[in-house]
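For reference, the structure is listed below as structure tokens.
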Amino acid sequence: MKKIKATSIFEGIVIGKPYLRKQKEIKIDARSLKENEIEEEIIRVEKAIDDTRYEIRHLMDSLKDRINKNELKILNVQFMILEDPVFLSDVKNKIEKDMINAEVVVDRVIKKYIKMFKSLKDPLYRERANDVSEVGRKIIENLLYITPENEDIDNKIIIAKELQPFELLKFYHDGVNILGIITEEGGKTSHTAILCKSLGIPTLIGVKNIMYLDIDPNKDIILDSRLDKQLVILDPKEEILKEYKIYEKKYEEFSKEIDQLKVEDVSTLDGEKINLHVNIGGDIEIEQLKEFKCDGIGLLRTEFIYMENDKFPSEDEQIKMYEKVYSALPENKPLIIRTLDIGGDKKLGYYDMPHEENPFLGFRAIRFCLENLDIFKTQLRAILRAGYNKNIKIMYPMISKVEEVVRANTILEEVKKELEIEKLNYKKDIEVGIMIEIPSAAIMAERYVEYVDFFSIGTNDLTQYVLAADRLNKLVSNIYDPYDIAILNLINHVSEIGKKYNKKVSVCGEMAGEPIAIILLIALGIKDLSMLPSFIPRAKKIIKSIDLKEIKKYKEKILKAKNSQEIKKLITKLLIGVV
């Protein structure tokens, strides 16, 4: 029996037969071309690129009603590579110049692109190297008429060096039931990880050298991706297997119980209400609002409205979308609309952002809006008009200075005056809040209280800025830790300021939906959590199982802990029997 520690992407317990997915190396033979063969070779490569483009577009079209649009955009990146005239020109020119067959040329051009992307500082662009590699492989397969092998993957646990997004979505499209996924490589924020979460596949990554181990495909293995376990058990002993079969059954029962909580109202054992809001970033999540009873929308990421357009959306287009989102909520529940947050890892195809060495520390979010007043004012007008007679609020992202809030509020008042002059209905008493995601805003939270009505702590960015660790960078993924003592002390500080001045404080990062974090944040005085809709039932299960007075007693221990491991250990004990 062998136990191997790993990193969990999506929680679950799975017992099943393994399928070792070894990607075969494609043998490419170089062949010199005669002058009269060049045109034919270019036609050949154009057809292979067209075929690859068709495969990706067909898969995207087939899945558009079954999967979140944001996740399908992962394939769109690959589609855009195939549409890139520079890429096609590079391939054609090299065939003409080197007078060599298309397979070799595509391989060389793709390797050049991979090297270029991997050399970039921005981890988002480094991630593109995988997309380029996958596109190149598919073109070469089409050139050589290599058809995919029939793989016996159904009802098995896939073990691979790395699984690519196209492959995973193709399995999903074909109705293949994947029990679980274990990979050697990949990051928590990789495209494949995002898809595994969305598809609900228990997944472990970072299992070093698992492809080189002697794994019997006919013997059951155990994948335990629960946050307090995160391990693979190979060749388990009979008693361990029996034990895990009980765990697996309990986990299934737990999942059914959680499913029933979708539409229930819950409170703590001592009758305290913890507000559970949802984060919305696309049409699929808007649809999910009908399934999951929540206390409102704590974060509407308006970027998706801009990113799905081929130009900046008009005032009327935005009003229509905000009203659509609001209509999906139970009566009078709040909708918090975050103003446009582009830059960093979010780009618009129709707007050229200035080149920056580090876009995550650059011209993004409120900084962009304050320099592009026509875009900002259009959005504020739309929010104010959509908010008429509705419980709609405004939130500014990426605030680092009080002056930014003062200026944004001044612009908001100017917009109100314009609407007044135009005799248009709008929400006059709209509440305004800010995202606390930059350390300066967290430290100086008290300075903001006279200008805002609420705070929302964005733990994703706050963590990467406090610890100087890019959450998309695999090289520092061990440093990026939202449970770090420094982060928790800042959250506690903002929570205390909120209590002192009667300002609501919520947490809306990925952390807010994690079982350990839910108890941790409640202990620090946070009573408003905002998460993905699918995380709501599990959060309800935790909340109805705890006593608020008892949980608050852990606050001092949390803030005085030596490290995040000690904190996780402490909170995990409280979760035994709950999740």
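Cβ atoms are placed via backbone N, Cα and C, with glycine included.
TrEMBL entries are annotated by machine, without manual review.
According to TrEMBL, the active site, tele-phosphohistidine intermediate annotation covers HIS191. DSSP classifies HIS191 (active site, tele-phosphohistidine intermediate) as helix under the three-state reduction. Within 10 Å of the Cβ of HIS191 (active site, tele-phosphohistidine intermediate) there are 24 other Cβ atoms, across all protein chains.
Among the features that TrEMBL reports, active site, proton donor is placed at CYS508. Contacts of CYS508 (active site, proton donor) defined by a Cβ separation under 8 A and a same-chain sequence distance of 6+ are given as HIS277, ASN279, GLY298, LEU299, MET435, SER456, ILE457, GLY458, THR459, LEU529, SER530, MET531, in order along the sequence.
According to TrEMBL, the feature phosphoenolpyruvate binding site maps to ARG301, ARG338, ASN460, ASP461, ARG471. The secondary structure of ASP461 (phosphoenolpyruvate binding site), as reduced to three states from DSSP, is helical.
Residues or ranges marked as Mg(2+) binding site in TrEMBL: GLU437, ASP461. Taking a C-beta cut-off of under 8 Å and a sequence gap of six or more, ASP461 (phosphoenolpyruvate binding site) has these contacts in its own chain: MET398, MET435, GLU437, ILE438, GLY509.
The coiled coil feature in TrEMBL is assigned to 237-264 (among others).
According to TrEMBL, the coiled coil annotation covers 402-429 (among others). Remote same-chain residues near the coiled coil (402-429) are listed as 339, 366-367, 369-370, 373, 376-377, 380-381, 384-385, 387-390, 392, 394, 396, 444, 447-448, 451-452 (criterion: CB distance under 8 Å, separation of at least six residues from the stretch ends).
Counting residues of the domain 'Phosphotransferase system enzyme I N-terminal' (6-128) by DSSP class, helix then strand then coil, yields 82 helix, 14 strand, 27 coil. The domain 'Phosphotransferase system enzyme I N-terminal' annotation in TrEMBL covers 6-128.
The domain 'PEP-utilising enzyme mobile' annotation in TrEMBL covers 155-225.
Annotation comment: TrEMBL describes 257-547 as domain 'PEP-utilising enzyme C-terminal'.
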Long-range Cβ neighbours of the coiled coil (237-264) (under 8 Å; 6 or more residues past either end): 1, 12-15, 220, 222, 224, 291-293, 536-538, 540-541, 544, 579
Largest separation between Cα atoms (Å) of residues that the record links to phosphoenolpyruvate, namely ARG301, ARG338, ASN460, ASP461, ARG471: 21
Distance, HIS191 (active site, tele-phosphohistidine intermediate) to ASN460 (phosphoenolpyruvate binding site) (CA atoms, angstrom): 17
Using Cα positions only, nearest of the binding-site residues to HIS191 (active site, tele-phosphohistidine intermediate) (ARG301, ARG338, ARG471): ARG471
Assigned element (helix, strand, coil) containing ARG338 (phosphoenolpyruvate binding site), judged by DSSP: strand
Among ARG301, ARG338, the one of these binding-site residues whose Cβ has the fewest neighbouring Cβ atoms within 10 Å: ARG301
